[in-house]
Amino acid sequence: MSDSQTLVVKLGTSVLTGGSRRLNRAHIVELVRQCAQLHAAGHRIVIVTSGAIAAGREHLGYPELPATIASKQLLAAVGQSRLIQLWEQLFSIYGIHVGQMLLTRADMEDRERFLNARDTLRALLDNNIVPVINENDAVATAEIKVGDNDNLSALAAILAGADKLLLLTDQKGLYTADPRSNPQAELIKDVYGIDDALRAIAGDSVSGLGTGGMSTKLQAADVACRAGIDTIIAAGSKPGVIGDVMEGISVGTLFHAQATPLENRKRWIFGAPPAGEITVDEGATAAILERGSSLLPKGIKSVTGNFSRGEVIRICNLEGRDIAHGVSRYNSDALRRIAGHHSQEIDAILGYEYGSVAVHRDDMITR
């Protein structure tokens with residue numbers, strides 16, 4: 001083994017259930033064994049786990065429930081305690097304690113809460129405790145959900161200061177096409193940069209059960225790689241896959257980390273789930289992408305969602321493509337009022353101003 005490294009392992013529903021309605025405990029035992037072996041060798045392990053709803057449904061005897069958010073949250077509330085109990089029981093076989101962290105998007109959007117979550121996670125790791133992270137599905141609404149555990153795992157990797165992020169799924173990795181419908185599909189072993197062509201390939205692929213398909217795994221890889229974290233998509237069923245990844249053995253698809261990673265604040269901006277969205281005109285798009293300029297109110301065409309000053313927002317071009325993320329200098333209502341106006345008009349329109357730009361270039365990351 002090499003010197004101590006920090007690894008985040010994301011386990012999707014398809015991996016934990018094997019495609020069935022219930023948790024595949026035998027397989028989870030094997031995954032824990034692999035993690036415990038690495039832990040004993042001095043590595044730091046973080047688990048991002050799905051499966052709370054599946055565990056809740058199993059524990060309640062597969063009840064007939066209406067297909068509502070409330071039903072899913074009921075199952076998550078029951079299942080989350082069962083899930084963490086399972087992780088605790090299995091890791092305790094190896095004398096390892098686990099610590100549960102349940103997160104929502106609000107913990108990522110707010111810089112102070114983000115830093116608090118980081119400090120908690122790193123304190124667990126510093127004390128040889130394995131953090132087990134999941135989205136707080138029992139209380140999360142659509143407005144406060146990260147949305148899927150792929151993107152949550154990328155945020156966890158940033159919080160942990162991880163060296164590697166391993167996304168385990170029911171596929172061997174990212175293919176040139178969906179291997180289940182195209183026999184000519186080939187495994188892509190190495191990726192050195194994520195572009196629109198690769199996003200198009202991922203958009204046509206499906207990774208099985210759960211909320212995250214290949215497109216969300218690509219989003220997670222993009223966030224992690226730009227933060228300097230190697231990311232691997234691999235099959236959770238492959239024997240010894242977790243140890244192989246830590247040994248540097250080629251498995252699945254390896255997304256190579258960016259050579260010059262983003263500094264810490266910009267990692268937060270890039271990784272935080274956007275609280276809202278603004279659409280900008282062609283001139284603003286060119287200024288942002290080609291000249292690295294700040295976004296002026298004049299270039300804003302529309303504002304979507306409700307957000308506060310200081311929150312991270314998504315910036316899209318007229319075709320709806322996500323071109324940048326940035327910290328808004330104004331709340332959503334104020335941006336709607338000053339959209340399309342020159343900067344010198346801000347004070348007259350609002351009665352105050354926080355500067356001449358809507359999003360400053362120092363607080364912006366292009367996609």
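Every residue, even glycine, has its Cβ placed from backbone N, Cα and C.
Since we're looking at a predicted model, the values are computed, not measured.
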If I go by Swiss-Prot, which of Asn116, Asn149, Asn151 binds substrate at the same site as Ser50, Asp137?
Asn149
In the three-state scheme derived from DSSP, which category covers Met214 (ATP binding site)?
helix
With every protein chain in view, what's the tally of Cβ atoms within 10 Å of the Cβ of Asp137 (substrate binding site), excluding that atom itself?
21
Within the predicted model, mean pLDDT of the domain 'PUA' (275-353)
96
Do you know which of the binding-site residues Lys10, Ser50, Asp170, Met214, Thr216 has the most other C-beta atoms within 10 angstroms of its C-beta?
Lys10
Ten-angstrom check, please: count other Cβ atoms within 10 Å of the Cβ of Asn149 (substrate binding site), all chains counted.
26
I'd like to know which of the binding-site residues Lys10, Asp170, Met214, Thr216 sit within 10 A of Asn149 (substrate binding site) at the Cα level.
Lys10, Thr216
